[in-house]
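Sequence annotations record features per position, and here TrEMBL assigns region 'Disordered' to 55-76. Residues or ranges marked as domain 'Methyltransferase type 12' by TrEMBL: 153-256.
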Amino acid sequence: MLMFHAICFENMTETVNGPTEDSAEAQKRPQFGTRFLTDPRQVFQHNAWDNVEWSAEQEQAAQKKVQENSQPLPAEKQEEFDNRANEYWNDFYTIHENRFFKDRHWLFTEFPELAPQQKPPQEAEENLINGEDVPSTHNDAVFPGASASYRILEVGCGVGNTVFPILKTNNDPGLFVYCCDFSSTAVDLVKSNPEYDPSCCHAFVHDMSDASAEYPIPDHSLDVIVLIFVLSALHPQKMQNSINRLARLLKPGGVLLLRDYGRYDMAQLRFKKGRCLSDNFYVRGDGTRVYFFTQDELHDLFSSAGLEKVQNLVDRRLQVNRGKQLTMYRVWVQCKYRKVLLPPQNQDYMIPARC
């Protein structure tokens with residue numbers, strides 16, 4: 001129940017790049033878990049319980065908690081956090097570097113699209129939509145990873161917690177991984193990692209919310225785009241244009257993978273008064289910002305960008321500190337959306353105009 005939150009907030013294991021799971025047991029759990037709490041008396045038997053149902057009382061208490069702390073900060077203060085966002089993220093990575101980040105061991109269970117692909121090299125038809133040429137919007141004939149047959153982009157890569165496990169695990173010779181972050185400090189840390197290999201990885205600084213910032217990749221060239229606890233850091237008004245631009249980078253049939261904070265997650269309920277920017281959008285003590293999504297909000301963002309739903313799930317997790325007898329309720333949303341393959345009759349398909 002929510003009464004546990006008050007005593008567990010300071011003991012949660014979390015970073016601004018998303019929560020981490022302490023136990024090897026939690027890291028190795030099956031996809032979305034098979035461990036269900038049927039007897040509340042057994043709550044401390046394991047470190048985590050999957051798909052925990054909330055009672056009506058618990059949901060109401062969460063709504064009340066959010067409403068109590070929903071008074072937004074003055075507009076001038078909000079503008080300051082927006083203008084200094086880059087500074088706050090660089091400060092964050094300068095202070096913490098990569099000391100407390102952990103590999104995301106659940107990556108290949110939840111997102112098998114990131115695992116090795118048994119695919120033959122793609123021929124020229126990869127640049128076609130229903131047999132018609134798709135013009136590239138990239139100025140250069142050659143771009144990083146141009147000869148690759150399977151291309152993955154992670155936006156908001158941080159210090160490489162997703163990128164390096166992919167490079168280590170996925171031995172597909174046709175693989176090329178792109179990764180970018182708003183923070184130049186984070187990208188420098190990725191490039192300085194001994195596992196960084198420019199022959200199969202390209203790290204670059206990029207603000208996904210900046211409509212004028214070009215990606216170093218042609219449209220219709222990516223097989224997978226990964227967003228892990230990053231879309232929530234954007235101002236809500238900038239999310240749709242950001243997703244629209246990413247959708248254009250995907251090949252027809254390419255997928256966008258997302259894992260992010262869900263509404264009434266423990267991280268949202270721990271915010272006190274004076275931290276709210278707008279509905280469900282907050283600023284942390286270090287100046288970085290975070291939004292908490294519903295499934296419908298994410299579906300609207302992706303479908304408006306021309307993507308079709310493959311998966312849109314809420315992962316309600318009950319994490320347990322057995323030593324301290326504490327419980328922590330987490331709410332995350334996990335999505336997979338695919339770029340639509342147009343039916344043959346739609347030969348008059350037009351490439352969307354840039355935002």
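Placed from the backbone N, Cα and C atoms, the Cβ positions cover glycine too.
Predicted automatically and left uncurated, TrEMBL annotations should be read as such.
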Segment-level pLDDT (mean, integer) for the domain 'Methyltransferase type 12' (153-256): 94
Tally of DSSP helical, extended and coil residues in the region 'Disordered' (55-76): 15 helix, 0 strand, 7 coil
Helix, strand and coil counts within the domain 'Methyltransferase type 12' (153-256) (DSSP): 33 helix, 29 strand, 42 coil
